[in-house]
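Features of the protein shown, as given by TrEMBL:
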type     : residues : note
SIGNAL   : 1-21     : signal peptide
REGION   : 23-43    : region 'Disordered'
DOMAIN   : 79-159   : domain 'Cadherin'
DOMAIN   : 160-268  : domain 'Cadherin'
DOMAIN   : 269-383  : domain 'Cadherin'
COMPBIAS : 272-283  : compositional bias 'Polar residues'
REGION   : 272-309  : region 'Disordered'
DOMAIN   : 384-488  : domain 'Cadherin'
DOMAIN   : 488-606  : domain 'Cadherin'
TRANSMEM : 605-633  : transmembrane segment
Amino acid sequence: MRTSCFSLVLLWSSIFHAIHTTPSPKRTNKHSQGERVTGLSERDGRTLHRAKRGWMWNQFFLLEEYTGPDTQYVGKLHTDQDKGDGNLKYILTGDGAGSLFIIDENTGDIHAAKKLDREEKSLYVLRAKAIDRKTGRQVEPESEFIIKIHDINDNEPKFTKDIYTATVPEMSAVGTSVLRVTATDADDANYGNSAKVVYSILQGQPYFSVDPETGIIRTALPDMSRENREQYQVVIQAKDMGGQMGGLSGSTTVNITLTDVNDNPPRFPQSTYQFSSPESAQPGTPLGRIKANDPDVGENAETEYSISSGDGSDMFDIVTDKDTQEGIITVKKHLDFENKMLYTLKVEATNTHPDPRFLQLGPFKDTALVKISVEDTDEPPVFSRPWYLMEVDEDAKEGSIIGHVVAQDPDIANNAIKYSVDRHTDLDRIFNIYSGNGSLFLSKPLDREETPWHNITVIATEINNPKQSSQIPVFIRILDINDHAPEFAKYYETFVCENAKAGQLIQTVSAVDKDEPARGHRFFFEVVPEFAVQPNFSIVDNKDNTAGILTRRNGYSRSKASTYLLPIIIFDNDYPIQSSTGTLTIRVCACDSHGNMQSCSAEALFLPAGLSTGALVAILLCIVILLVLVVLFTTLKKQRKKEPLIISKDDVRDNIVTYNDEGGGEEDTQAFDIGTLRNPEAREESKMRRDVIPETIFQIRRTAPLWENIDVQDFIHRRLKENDSDPAAPPYDSLATYAYEGNDSIANSLSSLESLTTEANQDYDYLSDWGPRFKKLADMYGGEDSDRD
């Protein structure tokens, strides 16, 4: 218990020495060092004694950015327990202890080892204690103290941007706010004037000014015009120490642009403009451009052009080019040099976005005079109408005039015109036109039922200048003529029951007519006069273009008459009246009690009693099949080909030779014995053919000997006629002629047959001059080595 009481009454005192600093705590001498404080202990009520410390402290002050040769002295720690014998050791801990702040552990002196910057750290918290070197025990409780860094003016003001950009409308009033710039100072604003910033303008006067405290830049001159100057560069300075001498400063650049306002009206650079246009210019053709200059930009320079007055306001128009702000003068209607040669327009240019603040400066529009001269051109003919409609009866005769078209040259020369029909629109050449007067007439008959309308094109051309032409559509309507008779609307399959009663309706018929009368169709039905007294059927006209067929007696018999023919005359009501006769075939059929047809075949009455309908159908089917087989067998037998015995390609005797074959020349003499042709008296022998299978019954056809006829041509023709007229001659008994070419041939004979009678060499080079038909012969006999080849 004594040891504990001793630690409570330990005294701790320190002595503080600092350069440029003063201690904030004060010495307490209110009580003497020997003053006693008594109190009652809870345990034993004994009196306790505490001695007051000789020195109370808790903070030091130190100057930043110290540049002296030695380390900066901060202060000294000391306790009354230190007897100076070196038994106590002072220890410093906390912010920067050992690096920024070092302590002498024997004496307690504290020094700053490095230069300090208040802008980096302005406050350091440290703790100090003293311990006994021998026991390692603290002789005093650990105490905390603060070291504050005093600020000096070592930082200049800095702006938030190196370069500012701002805009302000032109013509702004004086004092109009443009931009606010801001500069900051890193020094301590609570210590002196190091951080007090004042703004001033270094460049940009007298156009702009700056508020020294707020940094707001304002206009300083009235009516600054963008058209005179658009860009301004202003330099602003920020200085600390309240702007006093010795203060640090920084600057920035502000680029200010004057924005445009609509303070200028459009102005034409000239008062009169001249343009020309050919009279053939189509509507919408541009003639020229005019422009009113406006020094403003953007929408403030947008200009709208219009024609305010003038004798050409109906003939011309002006539109605005939004990209170039120009007025484009265009043709509005077709021009006519012969009618008017000069037009005058008054064109007005107006701003589309005027600014009400500057309306007092005057009207924001301008006018100019535009003169347009019309040039004469050779124009094509002009028709009197945009189109023509003509009507003609379909029974009009060929050559009939159906109408006229009229065109004339609009030019002063008034050239003659000729007319023609565009045949692309009249491929059948039904219409034609007189080229001199434009009268259309018929070239072929018409048929309204085939083509009720004809649309053709007529062309008018100047005779002196055929390039100048124009065309016009002509619509021709074919008027109907009653030239077709009415006829039944369809084929009617009519029957009457055997048990029919008199007056019973068995069929209703109607009619159609290809004509189309203006009053509509009206048909009448009558019985042919020859059958007027008809005991079997009667006709009743229903007055609605239909007629009913009625029975006139009771009962009909198929055994007596299976069908009845009823001729009916159909009339129309147009002029001239047309009529036709249609025959109605009426079959007699067996019906049930309700009038439904059951059978109309008359043969069913005569069938054997024991033979059913199915059996009859089967018998008929068998008969038909047998007939088909017989016909097929006969046809195949007639078309059967004979099988040749000789298959060799070398044996070409009695082969079929086509008429376009030119022959084989000398090499072909062995393939056919032409001795008969050369010697008409050669004996004809009937030899059996070796290239077909002999038939069991073969009748040898004998021909009269012809050796008495020495004419080879006649002999060949007669032999050919005999073979052509002989139906039994096979198709391969054709005769190929090589020796005879006809009478009076200028080329003489080309056959190689005669080469057997002479040994002389012949010149065949002339064959190559006869054209492509003799190319093969020329290749065979034209060369020197043709014989060897």
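Cβ atoms here come from the backbone N, Cα and C positions, even for glycine.
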For the domain 'Cadherin' (269-383), the number of residues DSSP places in helix, strand and coil: 10 helix, 56 strand, 49 coil
Rounded mean pLDDT for the residues that make up the domain 'Cadherin' (269-383): 91
Structural state census, the domain 'Cadherin' (488-606) (DSSP three-state): 7 helix, 55 strand, 57 coil
The domain 'Cadherin' (160-268): DSSP-derived helix, strand, coil residue counts: 3 helix, 47 strand, 59 coil
Secondary structure content of the domain 'Cadherin' (79-159), with strand meaning DSSP E or B: 0 helix, 36 strand, 45 coil
